[in-house]
Amino acid sequence: MAPSQVEDISKTELETPEHCPGPESEQAGKEDACNGCPNQSICSSQLPQGPDPDLPLINKRLSQIDHKILVLSGKGGVGKSTFTSMLSWALAADEDIEVGAMDLDICGPSLPRMLGAEGESIHQSNSGWSPVYVADNLGLMSISFMLPDADSAVIWRGAKKNGLIKQFLKDVNWGEHLDYLVVDTPPGTSDEHLSVTTYMKEVGIDGALIVTTPQEVALLDVRKEIDFCRKANIKILGLVENMSGFVCPNCKGESQIFRPTTGGGKKLCEDLKLPYLGAVPLDPRIGKACDAGESFFDSYADSPASSAILDVVDALRDQIEISLEKLNI
């Protein structure tokens, strides 16, 4: 059973302004967004606060995790969550590797469906919140496990999202050791991104994996995501181009659905001097596997998309090792 403070969240009354800086911020009660908030006078009259007392707890929890990867995209619908699920399955294919997936797309959680964990719930113990395990070495945490049903909307503003993300990072017990934590985020650069990068900064993030599709309308927003990473001092581990051509499951022929009118993801990486991890073809069976909550690699191991994804995962792990070698120089 989920902790009492997160039960029935779909019925929680929302009183915080849309761009609330948060009661712990130096700008609490002073921003334009605070005007009209019933708590404005309380926030603005508080004495300056010291460091967040939860940060040491977050650092202690995350220090048990070797590698932390953010999966980002500028545009929605490019397959970011789909790729997060496949990355998680691929890493967990090695039984000696412990993997955790954290779904921070608070208003649109989809990992539980893709990883076959819909309808599950969180359990609490003395050591924290227990993730839902979809395999012996693959655990998942998502707000979806706290909702009354799958159709319940989460209509939260920034401060509430910030609070839940803090609880996920502070209270989820991944066990004594985790090799990889893969964090799925919503599209764009929103409260979720600011919160997770702020809280994880001290303990260290290996970097971000950015997902795009070939067409320029997606690359426009990817450039903004890259700019966000650079301003937030998040290393970009690389970019993967998803839905890069359509492979017919019957004849194996390939055609371009989303044409790379400006050169696609590879050209973008060349221009911005970023690692290009590879391209994954559009295969309708990926969607079928995600809807069924099954590993695409188990169901379609010989498909071109399966080989392409595994190549991207290998390239990603190489980038992580390169980063570690540079730190040790």
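Placed from the backbone N, Cα and C atoms, the Cβ positions cover glycine too.
Model, not experiment: these values are computed from the prediction.
Residues or ranges marked as region 'Disordered' in Swiss-Prot: 1-33. According to Swiss-Prot, the feature compositional bias 'Basic and acidic residues' maps to 8-18. Sequence annotations record features per position, and here Swiss-Prot assigns [4Fe-4S] cluster 1 binding site to C20, C34, C37, C43. If you look up Swiss-Prot, you'll see G74, K75, G76, G77, V78, G79, K80, S81 marked as ATP binding site, on the strength of sequence analysis. Sequence annotations record features per position, and here Swiss-Prot assigns [4Fe-4S] cluster 2 binding site to C248, C251 based on sequence analysis.
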Residues flanking the ATP site, with Cβ no more than 8 Å from the Cβ centroid of G74, K75, G76, G77, V78, G79, K80, S81 and excluding those residues themselves: S73, P187, V211, T212, T213, A218
CB contacts for G76 (ATP binding site) [other CB atoms within 10 A, all chains]: 14
Densest Cβ neighbourhood among C34, C37 (binding-site residues), 10 Å radius: C34
Nearest of the binding-site residues (C34, C37, C248, C251) to V78 (ATP binding site) - Cα to Cα: C248
Binding-site residues compared (C248, C251) - the one with the fewest other Cβ atoms within 10 Å: C251
Residue with minimal Cβ packing [other Cβ atoms within 10 Å] among the binding-site residues G74, G77, G79: G77
CB within-chain contacts under 8 A for K80 (ATP binding site), separation at least 6: V71, L72, S73, D184, T185, P187, V211
Cβ atoms near S81 (ATP binding site) (within 10 Å, other residues, all chains): 26
Alpha-carbon spacing, C37 ([4Fe-4S] cluster 1 binding site) to K75 (ATP binding site), which is rounded to whole Å: 32
Nearest-integer angstrom distance between the alpha carbons (Cα) of C248 ([4Fe-4S] cluster 2 binding site) and G79 (ATP binding site): 19
Whole-number Å value for how far C20 ([4Fe-4S] cluster 1 binding site) lies from G76 (ATP binding site) (Cα to Cα): 24
Residues near K75 (ATP binding site) in space but at least six apart in sequence (CB under 8 A): P187, T212, T213, V217, A218, L220, D221, V222
